[in-house]
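Chemist: First the structure, which I've put down as C-alpha cells, then a few questions once you've had a look.
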Amino acid sequence: MNVEIEGIVDSEIFFNEGNHYGVYRVVASDSNDRPITIVGNFYKLEVDSYYAFSGSFIENPRFGMQFQVESYEKKLPIKDEYIIRYLSGVSFPGIGPKTAQILVEKMGSDVLEIIKNSRDEMLEVTGVSSDKIEVIKSVLQHQTGFDESIQFLNMHGITGTLIQSILNIYGEDTRQVLEINPYRMIEEVSGIGFKTADKLGQSLLFEQDHPFRLEGYLIYVYQEVCFKDGHSFIYKEDLHNRIDISGDDFEAAYDRLLQKGILIDDEGKIYHHTQYDAEVNVARFLVDHKHKSVFELDNIDESIVRIQRRLGIVFDDNQRDAIKQVFDQSVVIITGGPGTGKSTLLSGVISIIQDELKDVSITLCAPTGRAAKRLESLTKVNAATIHSVLKWNLHTNVFGMNETNPLESDVVIVDEFSMVDIWLLYKLILAGSKVKKFVFVGDKDQLPSVGPGYVLSDLLESDGFEVIRLEHNYRQEQGSEVIDLALSFNEGIFDISHYHKDVKYFDSRYGSAKDIVVKVVNEAMDRGYSLNDIQVLSPKYAGPNGIDNLNYFLQKSCNPESMHKRFVQVGARIFREGDKILQLKNQPDDGVYNGDIGTLVEIDDDRSLIVDFDGLFVTYDKSNYINISHAYAMSVHKAQGSEYPIVILLASRDFGMMLSRKLYYTAITRSSKSVILVGDLNSFDKASKTDTQIHRNTYLKERILHLMND
C-alpha cells in the first residue's frame, strides 16, 4: 500500500549521476519532524527544498527502515521554519536567514506565492532590497518550470535517467514542448525511442493517425531496419512495405520528414540525416586526408635495423616492406587473418615512431574494452576504447573531442577495425583534423560492425588507400592447428581428422551438448585454467544449446550455491558471488565498456553487486542490473575483439541461419591456443560451406571513388 509523506530534504547521502539512484535524509513534517531515509531513482533532489513523496516503507537488512519512493513532486513549503530554511539555501544566492526571517514576518506563510506571482512595482518590503526580491522571484519562476516538467513526466510514467535526458534538451519548457509533440523526442533526446514517446503520446490522447505519431513511427521502423540489418540507407519501397499504414498516410509522413530534413532522399537512397552526414563526410575526409603530408624518416632501413635489435626480433622482407608502406601514406589499412603478424608489425611501427620521431604522439584505440586491453598487452603501449579516446558522455550522448576540440595526436591507430561502424568512424574523423596519420587494422573476413555500415570492406574495395595485405601466416608455419582450422574453414573446408593437439571435437550425439560443455570446462579448470581462460561461444541465446541455457548450467557447476556466497535473483537469473560477469553496455563514468569481463566479488546487504574488472571495482544496484549478464557463455559478437587460451564452440542443426562461415571463422579466431568443437560434424561442415554474402546498403565505396575521380 502506498504511503504519502512530505518534508524538507535535509541532506544527500548518496547520488549516482549515471543511473540517478539516490539516498536522501528527509525531515518529515507530519510527525514531529522525524528524519526518514528515502531511496529511489530521482532527478537530483535539492537540499533544503520541500517535496511530497509517494511510496512504501521497506526494511533494509543493513541500513534499517527506508522509504522507497515511487513518485514525487516538489512543493513550496508553508511552515515558517521550512520557508526560512528554503530561502536560506543554496538555490537563493545572497538570501540568508535574516532576510528570510524578515520576509516571513512581514508577509506570512504565503510569502513564496506572493513573490512569485507579484508585479515588480507592487512589491516592496521594508528591510529587504528590491534586488533580493528580484533574485527570489527569478529563482521561483525558473524552478516552477522545471518542477512542473518533472511532475508532468512523472505523471505520465517517465522516470529516472530519462527525465534527466529530456530536461537536458528542453529545460523548463519541457511540458509545453512535449504537450504539443511528444514524438520529437525520438530525434532530439538520446535514449528515447518510439515506444517511450508513444507512451507519452497515448497518455496525452494523441490519435493513432496523428501526423506527429505517424512521423515518429516511420522513423522508428527506419531505424529498426537499419540497425537490424546494418544498412546505412534503405529504399523507399522497402520502408513502405515494412510499415502497416495506408499509402496516403505513408506518403504524407514521408514528405513531411523530407521537408524537415530528418530523412534525405539521395537519388532514391533514403538516409536518416545523421547517417547521410556520416557517410558523406567520412568519404570526403579520408580522400582529402590521404593527400596530407606526413612526417619522414631520414633512413627507414636503418631505423628498422635498430628496432630489430631493441625488440630482439628479425623482420622478414614482407614485414620490412609493410613497415615502409605504413610510413609512406597518411591513411593506411592493414588487413590480415590471425597469425599473419599484425601485432608484430604494429609493434615495429610504434617503436620506430617512439625512437626516431620523439615529438610524434600516438593514440591506440579499439572498439571494445577487451580489444583495447589486448592491443595494449601486445604493443606495451597504452590503449583505450574509441569512446574513451573521444571522451563520450553517456548521459548527453555527446563526444568531448570533436571538430572544435580536436585530438592532439599525430598518429591514431585503430585495431579490430572490422567492428567499427560508419557513425563511430565519423565521430573519430570529426576529432581528427590535427591527426597526420590514420592506421586502420582489421581482418576483412571477420563479422562486420553491429551498427550500420560495412566500413572496412568499403574502404578496401574502393582501392583508394594504401592497403597492406598480410598473407603469410607465421603461426600456421609454426604448426598451430587453430590457425590451420580457421584458414581452411574460411576456404569452405572442414576436415578435423588430422588434428591431434590444439583442436578437439566432441560429438553431441553421444551426450547432450550442454553436459559435454560443462564437463570440458571442469576438466580444463582441473588442469589449472581459470574461468577467464575459457570461453564458451554459441551463436544463439535461446534453445538447449543457447547462451542462456549454457550459462545456467555452467554457473551451477562452476559456481554452485553455497551458504558462504550471497546471491541476488533478478528475474530468471541468479547473480552469485564468484560469478563470471559480462558488461553489456558502455558505462564510461565507471570506466567499463560493452564486452568487458569481470568477477562478482561481493554482494552488499543492500543488494548491490560489486564486480572486479581487472582491479577496477564497479558497483551495480537494481537500477542497472540490466547492464550485466553471466559470461560463462556468450555470443560470437560479444567475444569479437577478445582472445582466450581455450574456446569451446557449439554447432547444431537448430542454429539454422546462424551456421555461417564468417561467424564461425570469427569464433575460431578468438582462440590463442586451443579450440574445442561441440555438436555435430554436419553442422560445422554446413557453417564452413555457407558463405552467405553479407549485403548492407552502403554507398561509402562509391562516394570515395567519385571523389577520387573528380
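From the backbone N, Cα and C atoms, a Cβ is placed for every residue, glycine too.
Annotated domain 'ATP-dependent RecD2 DNA helicase OB-fold' per TrEMBL: 4-77, in sequence order. Residues or ranges marked as domain 'ATP-dependent RecD2 DNA helicase-like helix-hairpin-helix' in TrEMBL: 143-232. Summarising the annotation, TrEMBL assigns ATP binding site to GLY339, THR340, GLY341, LYS342, SER343. Positions annotated as domain 'ATP-dependent RecD2 DNA helicase SH3' by TrEMBL: 550-613. Summarising the annotation, TrEMBL assigns domain 'UvrD-like helicase C-terminal' to 630-678.
Could you place these features in context, so I can see how deep they sit and what lies close by?
Modeler: Across all of the domain 'ATP-dependent RecD2 DNA helicase OB-fold' (4-77), the predicted model scores a mean pLDDT of 84.
Broken down by DSSP into helix, strand and coil, the domain 'ATP-dependent RecD2 DNA helicase-like helix-hairpin-helix' (143-232) contains 70 helix, 0 strand, 20 coil.
Under the three-state DSSP scheme, GLY339 (ATP binding site) falls in the coil class.
Counting residues per DSSP class in helix, strand and coil order gives 9 helix, 26 strand, 29 coil for the domain 'ATP-dependent RecD2 DNA helicase SH3' (550-613).
Shown for the domain 'UvrD-like helicase C-terminal' (630-678): DSSP residue counts in helix, strand and coil, namely 18 helix, 19 strand, 12 coil.
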Chemist: Let me check the 10 A CB neighbour count of GLY341 (ATP binding site). How many other CB atoms are there?
Modeler: 21
Chemist: Counting only pairs 6 or more apart in sequence, are there at least 3 Cβ pairs under 8 Å between the domain 'ATP-dependent RecD2 DNA helicase-like helix-hairpin-helix' (143-232) and the domain 'ATP-dependent RecD2 DNA helicase OB-fold' (4-77)?
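Modeler: Yes, since the domain 'ATP-dependent RecD2 DNA helicase-like helix-hairpin-helix' (143-232) and the domain 'ATP-dependent RecD2 DNA helicase OB-fold' (4-77) share at least 3 Cβ pairs closer than 8 Å, they count as touching.
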Chemist: Enumerate the residues of the same chain, GLY339, THR340, GLY341, LYS342, SER343 excluded, that satisfy the criterion Cβ within 8 A of the mean position of the Cβ atoms of the recorded ATP site; list them in sequence order.
Modeler: GLY336, GLY337, PRO338, THR344, LEU345, LEU470, TYR474, ARG475
Chemist: Return the residues near THR340 (ATP binding site), defined as same-chain residues 6+ apart in sequence whose C-beta is under 8 angstroms from its C-beta, sorted by sequence, else 'none'.
Modeler: LEU470, GLU471, HIS472, ASN473, TYR474
Chemist: CB neighbours of GLY339 (ATP binding site) within 10 A?
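Modeler: GLY339 (ATP binding site): 23 neighbouring Cβ atoms within 10 Å.
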Chemist: Which residue, of the binding-site residues LYS342, SER343, has its CB surrounded by the fewest other CB atoms within 10 A?
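Modeler: Each of the binding-site residues LYS342, SER343 was scored by Cβ atoms within 10 Å; lowest is SER343.
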Chemist: Using DSSP, how many residues of the domain 'ATP-dependent RecD2 DNA helicase OB-fold' (4-77) fall into helix, strand and coil, respectively?
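Modeler: Counting residues per DSSP class in the domain 'ATP-dependent RecD2 DNA helicase OB-fold' (4-77), I get 0 helix, 50 strand, 24 coil.
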